[in-house]
Amino acid sequence: MAKAAAIGIDLGTTYSCVGVFQHGKVEIIANDQGNRTTPSYVAFTDTERLIGDAAKNQVALNPQNTVFDAKRLIGRKFGDPVVQSDMKHWPFQVINDGDKPKVQVSYKGETKAFYPEEISSMVLTKMKEIAEADLGYPVTNAVITVPAYFNDSQRQATKDAGVIAGLNVLRIINEPTRTIAYALDRTGKGERNVLIFDLGGGTFDVSILTIDDGIFEVKATAGDTTWVEDFDNRLVNHFVEEFKRKHKKDISQNKRAVRRLRTACERAKRTLSSSTQASLEIDSLFEGIDFYTSITRARFEELCSDLFRSTLEPVEKALRDAKLDKAQIHDLVLVGGSTRIPKVQKLLQDFFNGRDLNKSINPDEAVAYGAAVQAAILMGDKSENVQDLLLLDVAPLSLGLETPGGVMTALIKRNSTIPTKQTQIFTTYSDNQPGVLIQVYEGERAMTKDNNLLGRFELSGIPPAPGVPQIEVTFEIDANGILNVTATDKSTGKANKITITNDKGRLSKEEIERMVQEAEKYKAEDEVQRERVSAKNALESYALNMKSAVEDEGLKGKISEADKKKVLDKCQEVISWLDANTLAEKDEFEHKRKELEQVCNPIISGLYQGGGGPGPGGFGAQGPKGGSGSGPTIEEVD
C-alpha cells in the first residue's frame with residue numbers, strides 16, 4: 001500500500017474544508033452530502049450529536065444546542081471584549097469557568113459544558129472522517145491553518161483541538177500560506193509581490209508575499225482581530241426593524257425566529273453577489289405572521305458601507321509594514337467567501353487604481369489547498385510540483401520581555417521571518433540582586449501592561465555583584481510559531497527556560513487526555529446511533545416494501561387472500577410498533593425484522609420462484625445512505 005497521505009485542514013469560523021495532495025495535484029474532498037465545504041457546526045439533541053450539514057440543517061429547531069463560531073472563542077479568556085460582544089449574538093449559552101469560556105448545552109437530557117477546543121475537535125474529527133471515507137485508509141497526519149493574527153494561546157488551543165480529534169498535527173500554519181495554491185498554478189518566473197485579501201466568515205486578514213522561483217517570503221500581515229462578519233447581523237437588524245414597523249412586534253428575543261431570519265439573510269447576501277435584488281419569504285416567522293420582503297444590492301451596500309470601507313485599513317497597514325507602494329503589487333488574490341461581494345471587489349480595485357483582481361482560486365477552498373501542499377512537503381513528497389517550494393512565514397506579533405519601568409523590550413519584531421532565534425545580553429537592575437524574573441510578552445505597545453503576558457520564569461543564584469552579571473536571553477520561534485525563551489547567567493553557566501505552551505488559558509495534559517477519551521466515547525456513541533438508525537430504516541423499508549408487494553395489482557390471483565392478510569397484518573403491526581418505539585435499540589429492530597421475514601419470506605419467495613423478482617428481502621432494506629441518518633434531513637427555514 002502507498003504511504004498514507006497527510007491532509008490539509010482549513011478549520012474555518014463558519015465552514016471547514018479538507019484537501020490532500022496526491023498524484024502531483026491537490027484534491028479538495030467532498031463530504032457525504034457532496035459538498036466541498038462543511039459547516040463548522042456541532043449540534044446536541046436528546047438522542048445524538050450531529051456535526052456539519054446535519055447540524056446546520058436543524059439549527060432553527062434547536063438553536064440553544066447548536067454551536068458554531070467556536071473559532072471565535074478558542075484561546076480567548078471569558079472576559080475578552082470579543083467574547084463578550086459575540087455572546088450577544090449567539091443563541092447558545094457561554095459560561096465562565098475560571099475565566100475560560102465554555103459552551104453549555106443540553107445533550108441526551110443532561111446539561112454538558114464543552115471547551116471551545118472540544119467543539120473544534122469535533123469539527124476536525126468530521127473533516128478527518130471525510131478524508132478517510134475518500135482515501136479508504138485511516139488518516140493521522142494533518143496541517144491545520146489559523147488566521148495570521150492568531151496569538152500564541154490561540155495557536156496552541158487549535159493544536160490541542162487537533163490532538164483531541166486524534167490527529168498528529170504536523171504544523172499549524174498561517175492561512176496566507178494558501179497562496180502556495182496560487183503559485184502552483186503560475187508558470188511565470190521572476191519576483192512578484194502578491195497581496196492576499198482574505199475576508200471570511202469570522203476572520204479578516206491581509207498578507208503581502210514576495211514569490212520568487214518557488215520561494216515564498218511573507219513580507220507583512222495585518223488583520224482585524226475583532227472582525228466578525230457583521231454583514232449578516234446588519235441584514236438581520238434591518239429586517240427586525242422592518243418587521244417591527246410592519247407588524248408592531250419585536251422578534252429580537254425569539255431565538256428560533258431570529259435564527260430562521262439569519263439563515264434567510266445569509267442566503268439573500270449570497271444572492272446579492274450575483275443579482276441586484278433578493279427576496280425573503282419566511283412562512284410563519286413569528287406568532288403565525290408570514291414575512292415576505294426583498295432587499296436591493298444598493299440598500300445592502302448602504303447598510304454595510306462603513307464595514308466595507310474599514311477593510312482597506314489593514315491593506316494600507318500591510319503595505320506600510322512591507323515598505324511597498326501599492327503600484328509595486330503585481331497580483332491581488334481574493335480569498336474567503338465574502339470577497340464575492342461586488343462592493344468589496346470594487347473598493348479594492350479602485351484602491352489599486354483599477355488593477356485586475358485574481359479570481360482564479362476558489363475562495364472557499366484556497367486555504368485547504370495550500371494546507372494540503374504544506375502537508376505533502378512536510379511528509380517529504382518529492383513531486384516536482386512541490387519539491388522546489390519553500391515558505392518563509394512570519395511572526396504575527398512582536399515578542400519580548402519586561403525591563404525596568406514596565407517597558408516592553410522586543411527581541412523578535414513583528415513580521416520577522418520564522419523560524420528565528422534572537423539573543424540579547426541584559427544585566428541586573430539593582431545591586432546584590434540574587435535573581436531575575438523574566439516576563440515574556442507579545443504585542444506592539446510600548447508598555448508591557450498593554451501587551452499580552454505569555455509566561456514568566458526566574459533565574460536565581462546570581463552572584464551578588466551590582467550591574468556586573470551578564471544574563472543572556474534567547475528567544476527562539478520554531479516553524480509552528482511556538483516560542484522557547486532561555487536565560488543563562490554567563491558567569492556561572494546557570495540557565496533556565498520556558499516553552500510558551502501552557503499559559504493560563506491553555507488546557508493541561510490531563511484535560512487533553514480526558515477530552516481525547518471523551519471524544520472516543522462520543523464517536524462510539526455516534527456509531528451506535530448510526531447503526532440503530534440504519535436498522536430502524538431497514539426494518540421500515542422492508543415492511544413498506546412487503547406491504548406494497550402483496551398489494552400489487554399484478555399479483556391478483558397469485559396470492560391467496562389468507563396469505564395476503566397475514567403479510568398485511570404483520571406489516572401493519574410492525575409499522576405501528578415502529579411509530580411507538582422510535583428510540584428502540586438496534587437489536588430490537590433486527591429482532592422485529594427477523595419476525596417479519598419469517599412471516600413474509602415463505603409467501604413472497606413462493607410467488608417469485610418462477611421469475612427473477614426481488615426475492616426475499618430484496619426490496620430496499622438499506623436505509624438512507626451517508627449522514628447521521630436520524631432526525632430531519634432538511635428543515636424548512638423560509
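Placed from the backbone N, Cα and C atoms, the Cβ positions cover glycine too.
The annotation compositional bias 'Gly residues' is assigned in Swiss-Prot to 608-630. According to Swiss-Prot, the feature N6-acetyllysine maps to K77, K108, K244, K346, an assignment based on similarity to another entry. The feature N6,N6,N6-trimethyllysine is assigned by Swiss-Prot to K558, with similarity to another entry given as support. The phosphoserine annotation in Swiss-Prot covers S628, S630, and the record cites similarity to another entry as its basis. Feature annotation from Swiss-Prot assigns phosphothreonine to T633. According to Swiss-Prot, the feature region 'Nucleotide-binding domain (NBD)' maps to 2-384, an assignment based on similarity to another entry. The region 'Substrate-binding domain (SBD)' annotation in Swiss-Prot covers 392-506. Sequence annotations record features per position, and here Swiss-Prot assigns region 'Disordered' to 606-638.
Positions of the features from Swiss-Prot, shown on the structure.
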residue	record	contacts (Cβ under 8 Å, 6+ apart)
K108	N6-acetyllysine	F44, D46, T47
K244	N6-acetyllysine	D250, I251
K346	N6-acetyllysine	none
K558	N6,N6,N6-trimethyllysine	L607
Packing count at K77 (N6-acetyllysine) (other Cβ atoms within 10 Å of its Cβ): 17
The residue listed as 'N6,N6,N6-trimethyllysine' in three-state DSSP notation: coil
The region 'Substrate-binding domain (SBD)' (392-506): DSSP-derived helix, strand, coil residue counts: 3 helix, 60 strand, 52 coil
